[in-house]
Every structure is written in structure tokens, then in C-alpha cells.
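Notes follow once the structure below has been shown.
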Amino acid sequence: MVKICCIGAGYVGGPTMAVIALKCPAIEVVVVDISKPRIDAWNSEQLPIYEPGLDEVVKECRGRNLFFSTDVEKHVAEADIIFVSVNTPTKTRGLGAGKAADLTYWESAARMIADVSKSDKIVVEKSTVPVKTAEAIEKILTHNSKGINYQILSNPEFLAEGTAIDDLFKPDRVLIGGRETAEGRKAVQALKSVYAHWVPEDRIITTNLWSAELSKLAANAFLAQRISSVNAISALCEATGANVTEVAYAVGKDSRIGPKFLNASVGFGGSCFQKDILNLVYICECNGLPEVANYWKQVIKINDYQKSRFVNRVVSSMFNTVSGKKIAVLGFAFKKDTGDTRETPAIDVCHGLLGDKAQISIYDPQVTEDQIQRDLAMGKFDWDHPMHLQPTSPTAFKQVSVVWDAYEATKNAHGLCILTEWDEFKTLDYQKIYDNMQKPAFVFDGRNVVDPEKLREIGFIVYSIGKPLDAWLKDMPAVA
């Protein structure tokens, strides 16, 4: 029986291994992690991450051919194929700080694999890593090999949170990069045969190692670039009276462009986009390509501009001050159908409002109060380090309350900011919300969730990203 072990029980490792176990009942799959609370959660009824469909997959396989364990060395030693899905955070100090990927956890995993292995292994990069990481890992394993043969493969994930299980069931493509040697091709074929249990052969792409590593960074950079492009146009729409939804629809009808990732918003978030672009920028700089690096930097600059522009709009609309005013924030996750708050635009928006001394009341259906307070208290890149290295008792913001529903959040509020596109926010009783808010009552829709005209009929003053401005807002000071 083939045995697969995955090091890292996070957003990628857990769901990916669960689906492999479901689709390959003859393969034993073990997910290992040094975090006992995380493994305990995977073995409980309350999984550590929220993802539609994940519960059902885990419950069907767990205890049959899917296992979660803290006995890392035992299962690594026994495995034929080892997936490494550990954090690759952005460095916070030293060479490349603020841009380069920190491969500390990857290197530790590689050294541990070399220490405990007693048979040949296929080691698979699942984490997003810089180009040429496989070469570095290969050197560590080879120099500590004790006669054992290691083949390194790159198999980047292309999952979107909120649809991860569907993405795993029906992927656009599965990318496998390996060495162009007889042993390398054999290793690629071994991993290909795992995915072939449910993925059509024409969707399994094989490349060399470096192409696979760069493809992941490039894919995320291209997606983020589309979001920043439409967000840049949204600012121009507001200035000219155009409607970004209409513009995006017209542009997306061009078959060369297509409609996906053309929704204007308060900005992109998530664990990958900004981190991977910064990594790409650093790689370009290291390879003497400053013009290319500067091109990709602009994607992040527009994203930061969009968030600060949103905060400025809130403050300037409300008589140029939100000091002491209650502002309701609906949605804290970086997008709907996930509880993930990593790099969520809500953090920067809340910080901007808190900087102007607002009182903030937050509601998100999937994010806990502890997580929200932790996110608001943490430094820029702290979120991407293991839990035991994060602040254990973050200082709670006295101006922030986290509540159990949207109606409680908006009660007596002066303004309402929609920062995540949860479906439930489309069907709220906005008349009830309006009746319980201070007047004038403002709605700042950072996700274009609501119908601005219907809300204006109720009495709200409405700002929607990239839409023609409310008459009230036209008379307010210009937003920088």
C-alpha cells in the first residue's frame, strides 16, 4: 500500500490530503503537524478551517485511510511520497525583509526528512516557494542522504478559498514539475498516477521544476493584477460618473479578456496574492530586473491605494471626522465562504477608522472575536508565522466590539461598511437597519453587494465602489 504523508495541516494540506484520500481509497494518507491543538481539531467534529464540503469529505475518510497525527517523524519515515505544505512567510528582518520568502520552516522540514528517512522518497513542494527552492532542498537532502535517493517535485496548489473542495474535485489543471532525468520522470509519473484516479490526463501538466515553481507565482500575480486593474478603473469611474460594473461587463465580454476577477472592491486579500507578488519582486531584483520588479510593485500600490481611498471616503463623507462615532463593519474575512482573515482589507480599513478614533462594531458569520482582535493587534507579517510564535494574548482594542449579527452591529451606528461579500448581506432588512441607525445614515459598500438605488429610497446615503456618486457625496471634499 502506497503511503502519503503531508507535513502541515493548514488551508492547503488538510483539504488536499482529504480529497486524495477520498479519491484513492487504496492509498494511506497521513497529515502531520507539530501543533497538537490543530491536529486535535482535525480529529474532532469542529475542523480548524471552514470550507464548504470539507466536513463531509473528512468524515467519510477519517479513520479509514485518512489520519491526522503529531507523530511527525514516524509517518515521514514510513511514507513513499511526502508533501511539504509548511508556511513560507515573508521575511520580517535581514536580507530581503518585507519581500523575500522565509524558508526557515521548509529547511527544517527538509533536514528532518533527511534525519528520519530509511528508504527512497519523493518529496513534493506544495507550499508556494521562490524559483530554485527545489534546488536548495535537493542539496540539503543529498548532503544528508546516507545513501537514500530523493526526488524533488513541485506540485503547486491553485485553490481558491471558499471553493477549495470543488477546485480539488474538478481542477483546471494539476501542475507537476520534476527533474528531466530518468529518475525525475519516474517520480513525476508516480505522482501523476495519484491524481489520475480522478483528474483527466489532459489536465495534468508536467514541466521542469523551475517552470512549475514560477508558474504559481505568475498565476497569483496575474490574478492580483486584474483586481488592481479594475480597482484603478473604479477610481476613474467615480471621478467621471461612469459605472465600474457596466465597464467591467463590457470589457469582460471581450473573449480575449473574459469576465473573471473583474469585480471592483475595497481591495484583494488572502494569504497568497501580496506575499507572492512581493516574492516575485524580490526575485526580479535579485536577477537584475528592476523594471520588471517595479511593474509588479504597482499591483500592490494600487491595492493599498484602494483601501486608503475607501477609508478617506468614509471619513470625508461623515463631515470629515468619525471620532466617537459608531461604525458598523459587516464582514471581516478576506472573501465570502471562508473564515480566513489573512491580509484581509478589513484590517487596514479598521486601522484607518481607529486612527480617526471611531468606535467599531464588527460582525462576520465565520470569524471569531479572538481572531479579529488578534488580527488588529498583530504586526504586518505576523499572521504568516505558526500560532505559537504569534502574540498569545493580543491587547484588545477598546474601541472594537465583535457582535453576533448584522442588526446588533448596526444599532445606533452612524455608518455601515460592507467589507466582505457574504450572501446574507444582500438580503438583510435594510429598512430595519435604517430605522435603528443615527441620521444621516451612511452605507459604504466595499464589495458592491447592495442595490444603491433601493437603499437611497429608504433614506441611506450610499457609496458603492466605482459607482456614480450620491448627490450628497459630490458636495463633500474631494478624496485624496
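Cβ coordinates come from backbone N, Cα and C, glycine included.
Applying an 8 A CB threshold to same-chain residues 6+ apart, the list for C272 (active site, nucleophile) reads T128, N220. What Swiss-Prot records for C272 is active site, nucleophile, and it gives similarity to another entry as the kind of evidence.
In the three-state DSSP reading, C272 (active site, nucleophile) counts as coil. As annotated by Swiss-Prot, NAD(+) binding site applies to 8-13, D33, R38, 86-90, 127-128, E161, 272-275, R342.
Per Swiss-Prot, substrate binding site is recorded for 157-161, 216-223, 256-269, 334-335, R447. Under a cutoff of 8 A between CB atoms, and with a sequence separation of 6+ in the same chain, the neighbours of G267 (substrate binding site) are I227, N231, N303, D304, Q306, K307, F310, P345, D348.
If you look up Swiss-Prot, you'll see S393 marked as phosphoserine, on the strength of similarity to another entry.
Reported as a whole number, the C-alpha separation between K335 (substrate binding site) and Y11 (NAD(+) binding site) equals 15 Å. Residues near G8 (NAD(+) binding site) in space but far in sequence (CB under 8 A, at least 6 apart, same chain), listed by position: V31, D33, F83, V84, S85, V86, N87, K126, S127. In the three-state DSSP scheme, A219 (substrate binding site) is classed as helix.
Same-chain residues at least 6 positions away in sequence with a Cβ under 8 Å from that of L223 (substrate binding site) are, in sequence order, F261, F273. Rounded to a whole value, the Cα-Cα separation of Y11 (NAD(+) binding site) and E157 (substrate binding site) is 11 Å.
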